[in-house]
């Protein structure tokens with residue numbers, strides 16, 4: 001025999017309006033009407049909002065089975081899934097519920113910035129308008145298209161570089177500008193950013209320079225030599241590079257930046273403290289890729305590499321008077337040399353023999369009146 005069908009039980013009560021969307025500061029009158037089968041009356045009901053009982057002074061009996069509640073000057077929803085307005089029976093049972101979505105329409109997203117890692121992808125980030133907080137769940141969609149042709153595309157990999165970001169991992173065109181924009185949408189509307197136009201070649205950044213090595217320069221107590229390799233991912237592309245170095249002593253969090261390294265892949269740090277551990281990092285800015293005239297974007301810093309300068313002989317307490325005199329003369333001339341380098345060269349210019357020869361000429365001129373000629377520190 002066939003099983004007799006069972007009609008579903010009627011809801012014990014109905015709230016109206018159901019799941020409304022309201023602007024902050026709005027007022028609302030909601031009604032709860034119980035079904036006849038419940039055998040409840042209006043005086044058997046009460047209201048809660050997010051679990052807190054609403055005062056009876058806000059209730060109005062509209063009929064034997066209908067009770068309303070008045071809510072005024074509503075604040076933004078405490079949760080993006082909506083505030084819970086619930087109609088209860090006298091014993092606390094839940095009869096019906098409604099979600100109140102109280103908030104603001106989205107604002108126009110701003111400050112779109114993008115970068116391409118090694119010309120293989122494109123990541124963009126943005127800010128969610130001046131205020132940002134809408135109190136409602138707001139979706140952000142990054143869209144892009146080739147400027148002169150092609151269809152709109154939608155980015156898929158969100159939150160890759162923070163909460164308001166998206167990454168396009170592949171299939172990007174070179175030599176053709178893209179139009180990029182962000183759409184923000186929630187239950188109260190849609191806001192669209194300004195369109196940003198960019199060429200992938202103008203926003204390239206690299207991995208940090210690899211193979212960073214820091215070593216002593218013989219027994220020179222105030223110098224370290226730094227060398228590194230060019231980022232390998234761009235070796236097949238026509239581009240220029242400039243590098244920056246930053247270094248700090250072991251017991252300090254303050255970095256000193258050397259920003260005039262240029263495109264060379266080695267540098268000598270001078271004027272350091274003897275017998276001290278230094279941490280050194282290098283980063284790269286690729287620019288002029290295939291003739292692009294944009295400034296380029298700095299890479300992240302390489303992982304810190306550590307090395308220590310030699311200890312000062314004075315601190316070691318050497319006691320050979322003759323050797324001490326020679327070392328004193330050597331230190332004095334080295335101090336003069338690097339003081340001159342600081343004044344006449346800049347940062348990490350090559351400290352080669354040509355520069356040393358220039359110093360010797362300067363030294364001879366400055367001591368000519370006293371007929372003093374310095375000795376070659378390399379001997």
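Placement of Cβ uses the backbone N, Cα and C atoms for every residue, glycine included.
Caution: TrEMBL annotation is automatic and unverified by curators.
Of the given residue ranges 279-302, 303-326, 327-350, TrEMBL assigns the label region 'Disordered' to 303-326. Sorting each residue of the domain 'Fibronectin type-III' (108-203) by its DSSP state yields 4 helix, 46 strand, 46 coil. Residue counts for the domain 'Fibronectin type-III' (208-312) under DSSP, split into helix (H, G, I), strand (E, B) and coil, are 6 helix, 44 strand, 55 coil. In the predicted model, the domain 'Fibronectin type-III' (108-203) shows an average pLDDT of 91. In terms of DSSP secondary structure, the domain 'Ig-like' (4-87) contains 9 helix, 37 strand, 38 coil.
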